[in-house]
């Protein structure tokens with residue numbers, strides 16, 4: 001038997017997001033909102049269940065692509081609308097001692113606060129916070145510090161609307177109690193929905209113990225629209241960057257830097273202003289200069305930028321990447337590429353110098369092709385390498401060349417028209433200066 005099971009409620013339409021995409025698939029620091037919740041859930045339990053409805057297949061496929069073991073259920077929103085109906089959908093074969101019920105739109109929640117809900121002897125523990133502006137939240141009604149009920153904003157009377165103790169939306173139930181009490185919940189309210197919060201009052205009437213656990217309002221912030229999404233992302237960004245800086249990463253003007261929640265750093269790293277790190281990028285002992293973007297790539301013992309762009313699947317080791325250089329699916333090891341180049345679908349080996357304006361022409365209109373450049377190659381400025389092509393070790397390519405054939409070790413490659421100087425032709429074409 002699992003000590004704790006977790007049910008994540010993610011069946012809502014999320015109409016205030018004004019999007020055809022499910023609310024829980026909107027990204028926060030690079031990952032879908034629901035992924036943040038699932039990762040934290042798996043730190044607590046290996047029995048994690050999620051209840052869906054709106055955009056069911058889309059959300060299901062997204063979740064299962066990353067979390068293979070999660071159990072997915074569909075809510076009957078016609079006959080059993082509301083949070084109690086959602087939780088009810090996930091009760092099948094639930095046999096843990098306790099069940100933690102949380103919302104899928106709370107990506108900032110911390111694991112320690114979820115654990116604190118379950119670490120007591122109450123039959124039901126509910127999360128609550130003191131709000132400066134409680135409008136819109138369910139109110140936690142107390143009598144001599146004991147929880148009596150939770151009342152939703154639209155169902156609250158004038159006195160209840162003055163209460164500042166608000167429901168944070170996470171609950172830990174004794175599992176047997178949860179299974180027995182959900183069928184008793186009625187939909188006698190303004191929305192005609194089955195509220196999970198009504199389980200509190202029903203449990204109290206049966207003599208069960210209910211406790212509220214104070215939590216941080218920010219951590220339990222619900223994302224209901226895109227403005228709230230932007231606020232939550234800023235909070236999460238600050239957490240990510242604070243943690244990285246405390247672990248040795250140097251950031252200049254960190255408010256201008258964006259770091260994906262999946263990115264990893266190791267060793268001595270420095271990020272200058274306006275740097276963007278996306279996906280599961282890995283940065284080790286490297287200096288990322290202003291305005292550079294790194295996507296799903298690996299950078300070790302290198303300096304990048306300013307204004308460089310590493311697109312997905314680039315692997316950079318002991319390399320200098322200068323300004324306005326773009327890489328895509330490129331592997332560079334001990335290479336210098338200082339200026340204004342595109343290096344895509346390529347492998348470049350140690351000691352090679354890439355001249356300004358070098359391009360790997362990797363796409364023929366139908367397929368992508370690979371360029372392989374050996375060791376100690378010198379590529380002059382404004383060179384085009386038409387893939388598929390292999391440049392052997394110790395090759396010298398003259399500036400302005402278009403390389404379409406493989407080279408041999410030690411070759412000089414030059415492909416350009418012969419230069420002709422015609423004496424006096426300027427004056428013939430434009431006339432002499434005194435005639436202008």
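Each Cβ is built from the backbone N, Cα and C atoms, and glycine gets one as well.
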Q | Candidate from 350, 381 that Swiss-Prot assigns to the same acetyl-CoA site as 362, 363, 399, 416 | A | 381
Q: Fill in the CA-CA distance, residue 105 (Mg(2+) binding site) to residue 381 (acetyl-CoA binding site), as an integer in Å.
A: 52
Q. When you measure from the Cβ of residue 363 (acetyl-CoA binding site), how many other Cβ atoms are you left with inside 10 Å?
A. 12
Q. Just how many other Cβ atoms lie inside 10 Å of the Cβ on residue 311 (UDP-N-acetyl-alpha-D-glucosamine binding site)?
A. 17
(Q) Looking at the region 'Pyrophosphorylase' (1-226) alone, can you tell me the average pLDDT? (A) 94
